[in-house]
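To keep things clear, I will list the structure first and then write my remarks on it.
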Amino acid sequence: MAVAGETTLEYTPTWVVAAVCTVIVSISLGAERILHYAGKYLKKKDQKPLYEALLKIKEELMLLGFISLLLTVFQDTIAKICIPKRYSDDWLPCKKKKEDSSSSEESTSHFQTFYHFTSGGARRLLAEHSASPSYCAKRGKDPLLSTTALHHLHIFIFVLAVVHVIFCVLTIIFGGAKIRQWKHWEDAISKKEYDPEEVLKFTNVREHDFIKDRYRGVGKIGNLRGWVRSFFKQFYASVTRSDYVTMRMGFIMTHCRGNPKFNFHKYMIRALEADFKRVVGISWYLWIFVVVFLLLNVKGWHAYFWIAFIPFILLLLVGTKLEHVTTQLAHEVAEKHVAIEGDLVVRPSDDHFWFHRPQIVLFLIQIILFQNSFELAFFFWIWVQYGFDSCIMGQLGFIIPRLFIGAFVQFLCSYSTLPLYAIVAQMGSSFKRSIFEEHIQHGLVEWAHKAKLKTGFKKNANGPSQVGPKEVPPPAVQLAEVVKESAEEKGNVGEIHPATGSGGSK
């Protein structure tokens, strides 16, 4: 049933319907083709982690499409849900203006501010229908959510997802560019001749650059100085050449001692690309954050201002912790040795990370990027939808700090925190499956599958009655099974715990 004055599809010229459909379908197909060819390009360049991240973006777009479908299909039903007026007068982002009885029939609840063009005419969004505000007004109630407010919410969800994806891509691009600057360090190390039998001179540990810059003595005072230094160092030269060389050597001596020429930089890039797939997704707990913020966005609470400090504080904590991990590695060596023979070797361990889980750092980075994207997306959406002078926008004294904090978080995360995470995350007790080239990963998975089938055939041939010691597969097969299990986990970064032996590839 159409509202009076509105033209239904029955009385709309066919050329108008056809033209509108052509434009919409063309834009949709164009976007789909762009994503398709982007995927083909990444596969051609053997960028599987980035290709999987692209698939994750497609999943998010599909989720947005489903949300859009639900909002469109159920808009009639939602608009017909009526609530008492006393409930619609509380928890408002803007204080209601007193209106006369004739205009009060068009009052709406949360997010019910109409967007006006310059001419002052009201903008009609989505299809108006019989369930207009007067439907509930006739019953002396207010609608749960008006059609206009529903459409504004619809747009905000879409803008949030798009801004989040764009910011994640920009972060990984700028952060990756910073990490690729370290490649000349890797090239310089690989050109050096390595002779394990060569007698090397002894070096005073505390004169080494990696130790000298971090060791502040033992005890509470030294520990406090270490934390203070870690806090400030994240703002400048978060990773130096001595840091890279030392942590690279510690990783190789722990996980692939037999391959001193291991390309650590290439492995680090592959691991970061694999992590990006998880960061770019909007998980269920992030949607909970959106719902909680929409609930707390009440007039006078300035929730939009205080929310900006969450990613800011988390980013400083993560950056400080990552720097402190390197400080702990330095203290560990300095407290145990006075002098060393040859290169300084640190010992990677999960004990240096929160709750012995390096994955927590990646989880916090995902929250930081999403909340910062949410803050900036909310600002631009309010600006475009309601105007800069909207009551939801708030006072200028709250707006400028929000924008400054958002820009600072984006810059620091790209320039310092993400590159720092890329190398320090490898200082855990385990290594990621990215240590193997793609074809080697597939080979290990296939080998593990065949070994498992072969073991099953042997058990069936011997019969269930035969009792004997349990057959344990070789360490390489165990490693391959872990690779297979890790590869099958969606959204998780696979890690491999070395068994008897370990190795890697260039």
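Counting begins at 1 with the first residue displayed.
Cβ from N, Cα, C; glycine included.
Predicted automatically and left uncurated, TrEMBL annotations should be read as such.
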Kindly point out the range from 129-149, 486-506 that TrEMBL annotates with region 'Disordered'.
486-506
Cβ contacts under 8 Å made by the transmembrane segment (301-319) with residues that lie 6+ beyond its boundaries:
231, 234, 238, 293, 361, 364-365, 367-369, 371-372, 374-375, 378-379, 392, 394, 398, 401-402, 405-406, 408-409, 412-413, 416-417, 420-421
Answer yes if the transmembrane segment (153-174) and the transmembrane segment (403-424) have at least three CB pairs under 8 Å among residue pairs 6 or more apart in sequence, and no otherwise.
yes
